[in-house]
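Presented below is the structure to which this report refers.
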Amino acid sequence: MKNIRNFSIIAHIDHGKSTLADRFIQYCGGLDLREMSTQVLDSMDIEKERGITIKAQTAALNYKARDGQVYQLNLIDTPGHVDFSYEVSRSLSACEGALLVVDASQGVEAQTVANCYTAIDLGVEVVPVLNKIDLPAADPERVEQEIEDIIGIDAVGAVQCSAKSGIGVEDVLEEIVAKIPAPTGDENAPLQAVIVDSWFDNYVGVVMLIRVKNGTIKLKDKVRFMSTKAETQVEQLGVFTPKSVQKQELKAGEVGFLITGVKELGQAKVGDTVTLVANPATEPLPGFQEVQSQVFAGLYPVESHDYEALRDALEKLQLNDASLKFEPEVSQALGFGFRCGFLGLLHLEIVQERLEREFDMDLITTAPTVVYEVVLKSGEKIEVENPSKLPDIGSIETILEPIITATILVPQEYVGNVMTLCNQKRGVQVNMQYMGRQVMLTYDLPMNEVVMDFFDKLKSTSRGYASLDYHFKEFQPSDLIKLDIMVNGEKVDALSLIVHRQSAVHKGRELASKMRELIPRQMFDIAVQAAIGSRIIARENVKALRKNVLAKCYGGDITRKKKLLEKQKAGKRRMKQVGNVEIPQSAFLAILQVSDK
């Protein structure tokens, strides 16, 4: 056991985490050259394209160190994006050490800081590594200083390497052996193994990635999941190198995969503890929590007969992504669809993109919303995640909205812009620290403001330099009202928004004029109105037009005219008729682009 090293890599998006992992695999001979592809551990196409890691993957590598001993290095790849912070904390809790990979030209960014603090809280040894030192813009001294100022760990003499060209990779491996402690644990104690990740395989069912903390797990053992009390039998054990290699047993300190008869991911929850039925552990390992959805959106198939196919696709995605929640929903405007819960905006985009790419679905997505707590005058408390479900204004005592604490790292010259943006979004400044050339701003922001377009605006006001990390803080009472959009006097439920009273009139006007541009002209005038309760606050008109398809028929047979008229009808089949008005997909997205004043 003293020759095992479990470690993960913490890095901001694009700082070279996956490339470094590739180099380790190549260096330790995990795959031969013809099997090497770039970013071996990022197995989903969308991971490679966006250059982000979503699911944790592992590789167990045998490394012959300079002292002549062979070490087993277990690399657990972590996601770097803020939406997946629970997955990160689970990956880190399975390790004794973490490599903090920082781009030597760009320096420290907010997500690196957040994940690094998570690591330090979990008592993980953090080893700084400067990557991309072969870039002309690299400035290792400045970045070492930044690591010390911002994160507060000693970075003098941090290992320098370039994962792309392979310089210094061996030094990094030596550093892992020297600095990261060996795992502790008792092979003879009752089994405790934490599930670091789980995914669905079409042939064997659920594959769990586990880290054995205490005890030993063998083939054919009967095991129990401690949070759900489900019991099952071990069918396969092994390690990834990153190819899977079968083993007879896994001992304390090792990381590997476990396949049982479980068919549903809901039973193998990330962070749960696995123990033996025959000799169970008394306590589960700490740190397990149910994942809460933060952002909700409606997903509707463009063709209503694709409803079942969409349900199928969502169920298949849920097999690989336990944090995706969904339930059926009916909208008068869009027909049948699903209300889905996500960890954050990136998660929403990824799910949407995977549905379109892997399952070939055509989707309409409504504007993302967050969960509000509504206290009724009767004293009852309800949760509302869909604006169209908000009870009547008369029966509401108060509405509470979720507040998040956001940490923003930004270069000094853009501080003013970012502060203005946060104030526009009803933010409250909590803290501001100068660290070298960077400034760390801490704000309490309403989550409702963040899900719309905060991230894009933050990037544009800071020319792409600001980086953001956030976590949920609490629910706070706020002056919120529901804004309805009416087309031809009928409410379009999918376009309702919950907004703050101050910005309601402005938002209503913006939306109405946006809708006027987007709704195609019809054979009759259309009124687009924005309303708060029964008060109309804005109105726009869409002028009428008519196309005459029979213009080219002089006399001739009636069937010819009928054919042309039928053809005209068929062309309108897909347009969703809302009070006989077709509302295109772009109109539902317009909500996202309404500016706030």
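Backbone N, Cα and C atoms are what each Cβ position is placed from, and that goes for glycine too.
Over in Swiss-Prot, the protein carries these features:
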DOMAIN    2-184  domain 'tr-type G'
BINDING   D14, H15, G16, K17, S18, T19, N131, K132, I133, D134  GTP binding site
Radius 10 Å, atoms counted are CB only; among the binding-site residues S18, N131, which position scores highest?
N131
So what's the average pLDDT for the domain 'tr-type G' (2-184)?
73
For S18 (GTP binding site), which of the three DSSP-derived states applies: helix, strand, or coil?
helix
